[in-house]
Amino acid sequence: MLGNLRGSSSMHKRTMVSRDCFDSSDIEDNSELLQGSLEQDTTNPPWKRSFPHVIVATLVAFLFGYHLGVVNEPLETISVDLGFSGNSLEEGLVVSTLLAGAFGGSMFSGRIADDVGRRKAFQLCALPMILGASICATTTNLAGMLLGRFLVGTGLGVGPPVASLYVTEVSPAHVRGTYGSFIQIASCLGLLGSLLIGIPVSSVVGWWRICFWISTIPAAMLVLLMIFCAESPHWLYKQGRIAEAELELERLVGSSHVKAAMVELSKTDRADEIDTVKLTELLYGRHSRVIFIGSTLFALQQLSGINAVFYFSSTVFRRAGVSSNLGNVFVGVTNFTGSIIALGLMDKLGRKALLLWSFSGMALAMVLQVLAAAIPVSNPFAFYLSIGGMLLFVLMFAVGAGPVPSLLLPEIFPSRIRATAMAFCMSVHWVLNFLVGLLFLPLLDHMGPRLLYAMFCTFCVMAVVFVKRNVLETKGKSLQEIEIALLPQE
């Protein structure tokens, strides 16, 4: 797959061109060249050139899904072996420490991606995942497990925002939505993989340690394969490394499309891109609108209750007489099916349409859950209605609300703030993810299922209204066209 990625190592080294040399006269010259190139080649850039780079980047998403599910089946065995069996608080810490580490990592992901580049950021995020998983696999006490999970979470906090950035920046516009769906598919595969690998844990002594060791393999692959992948041309251009950006674009889109791509890059903010982006500038400056859209989308994604539904699924299946293992497979397959559907529709229907249909379907699924909760428990129809509602909820989430925000946000953020803005919005995601997981069961006890699911339904309806009023359709548009449409011009 990656044989063609070595092209740049055999190309002669070009002289570095400073940003100062790429002035308005160069843009005019390039514009003339662009007109000539468009007469010769009006086709879309070949997708096969960027495809291997995107696949390597999705290893981060695979690891994200894997580590979220790796303690699902083995948790009881881990608690027995490490001496905290029956302590629900400590069992919860094993799960939630990962989220705490992810929040910390997400706060620094933008700075790391901007300082060292996208490729090195991938490699850096893999290192704590390898170290943390190794500690989890060898520990003999709870403290070691928590330390390992925290380190893994730190890597996961850095990785997914960088993956979204990278896939957006290296993908041709006509397949950017499809490639963005790969992130969700890889996450589903990672989650399914962890559940399947965890099945022997009850019959094989110490199998849970093997589950952690296995996760080091894709993390090591990420470190090695990124050596052969292209750096983001957008990042290189921001650094003033124009010649290198041109070289990488040639690898990603082909020589006949390089001039057009460079003209597009020249339309971004150039004067102050290297300056540090401050949080106050994101919240109160000219970028505040896109930050509001991005953070609200992630907030509504979590407040819809998706993680609570995943958490409660085992209980629902057991009440219906279905084993939790089989139930987890149902949920995993439904999630994967929805991601495949999104893959086919992302660049056809568009991001906004998928979000609207997705949140609308999730609201309907929550209505089914409310109805199921209103039917007497003794009625078997209530169980199956609840299962149907839950699977519909997961399916509709995977079609739009799951994959679209991670793709849409890097598209709507201007080049100068893209990495920092993604880090900020992902931190909102992790905080609400943690709070929903922490408060779901207490709220369920105090509010009851009908009121709680009605609350989730309300958030889904709010999301429909928000998307309809605020989200711009980005299908088929270049990143520069989207920036011009959304950013107030000074």
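First residue shown is number 1, and so on along the chain.
Note: Cβ is positioned from N, Cα and C throughout, glycine not excepted.
Predicted automatically and left uncurated, TrEMBL annotations should be read as such.
As annotated by TrEMBL, domain 'Major facilitator superfamily (MFS) profile' applies to 53-475. Here TrEMBL flags 54-72, 92-109, 121-140, 146-167, 179-201, 207-229, 290-314, 326-346, 353-375, 381-409, 421-444, 450-467 as transmembrane segment.
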Stretch-level contact, the transmembrane segment (92-109) and the transmembrane segment (381-409), CB cutoff 8 A, at least 3 pairs: no
Beyond the flanks of the transmembrane segment (450-467) by 6 or more, those residues with Cβ under 8 Å of it: 296-297, 300-301, 303-305, 308, 352, 355-356, 359-360, 362-363, 366-367, 369-370, 373-374, 401, 440, 443-444
Per-region confidence, the domain 'Major facilitator superfamily (MFS) profile' (53-475) (mean pLDDT, whole number): 86
Among the ranges 146-167, 207-229, 290-314, 326-346, the one whose Cβ pairs under 8 Å to the transmembrane segment (353-375) are most numerous: 290-314
Region pair the transmembrane segment (121-140) / the transmembrane segment (207-229), three or more CB pairs under 8 Å: yes
Same-chain residues at least 6 beyond the ends of the transmembrane segment (290-314) whose Cβ lies under 8 Å from its Cβ atoms: 282-283, 324, 327-328, 331, 355, 359, 362, 366, 390, 393-394, 397, 401-402, 405, 408-409, 412-414, 421-422, 424-426, 428-429, 432-433, 436-437, 440, 444, 452-453, 455-456, 459-460, 462-463, 466-467, 470-471, 486-487
Stretch-level contact, the transmembrane segment (146-167) and the transmembrane segment (326-346), CB cutoff 8 A, at least 3 pairs: no
Same-chain residue ranges lying at least 6 outside the transmembrane segment (326-346) that approach it to Cβ under 8 Å: 72, 177-178, 180-182, 184-185, 188-189, 191-192, 195, 310, 313-314, 316-318, 354, 390-391, 394-400, 402-404, 407, 475
Two-stretch contact, the transmembrane segment (381-409) and the transmembrane segment (54-72), at least three Cβ pairs under 8 Å: no
Of 54-72, 179-201, 421-444, whichever stretch has the most CB pairs under 8 A to the transmembrane segment (207-229): 54-72
